[in-house]
Ligand SMILES: Cc1cn([C@H]2C[C@H](O)[C@@H](COP(=O)(O)OP(=O)(O)OP(=O)(O)O)O2)c(=O)[nH]c1=O
């Protein structure tokens, strides 16, 4: 079965190799701004994941297409990717000393069967207290800029994480166990 990952993220591409030996990458042109946040993070990430998968599926005749999306939520506020270094600093200041949630949505479309699966993972991540100096140094590294919540648990920011409850890989952007089960059920 031909598997297509609808993602430009190298992290997702690396992680998917653990489930599927051979797959294609087709980056979606889906505009995430057309989906407003309706207050339900799990619905929101599934809609975004489906939007990405659908966009690629419309341009394919066959195969299984996978779309994903990851956001961070803190006290009902969505933290996406920071739009500037200033915003990255503000996000990290908010996350310091608190617990937040990371939501990852997955959508799997089976073209031939006309089947669609949607699911999500939520992981609780607790940051220890981090000071302004640590935040500024981390932001200067450039690592936060392409990541939801302005941090990457898999990089230098891993040292800020005091506790995690849930799937580590979902925080990195691809819930491996959930996706593995979804693919087993659909292929
Ligand atoms: C919280 C957190 C997020 N992230 C990343 C995962 C996602 O790639 C990114 C959130 O952006 P997304 O919009 O989910 O994905 P993307 O733009 O990187 O890739 P594509 O839409 O093409 O699939 O943040 C980490 O790498 N580590 C972390 O600890």
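Numbering starts at 1 and runs along the chain as it is shown here.
Here the Cβ of each residue, glycine as well, is placed from N, Cα and C on the backbone.
For 69, the entry in TrEMBL reads active site, proton acceptor. There are 27 other Cβ atoms within 10 Å of the Cβ belonging to residue 69 (active site, proton acceptor).
The site 'Important for substrate specificity' annotation in TrEMBL covers 11 (among others). Long-range C-beta contacts of residue 11 (site 'Important for substrate specificity'), restricted to its own chain and to partners at least six residues apart, with a cutoff below 8 Å, comprise 154, 172, 173, 174.
Annotated site 'Important for substrate specificity' per TrEMBL: 70 (among others), in sequence order. Residue 70 (site 'Important for substrate specificity') counts 28 other C-beta atoms within 10 Å of its own C-beta, drawing on all protein chains shown. Residue 70 (site 'Important for substrate specificity') falls within a strand when secondary structure is assigned with DSSP.
Residue 154 (site 'Important for substrate specificity') carries neither a helix nor a strand DSSP state and counts as coil. What TrEMBL lists as site 'Important for substrate specificity' is 154 (among others).
Of all the Cβ atoms in the protein chains shown, 16 others lie within 10 Å of the Cβ of residue 154 (site 'Important for substrate specificity').
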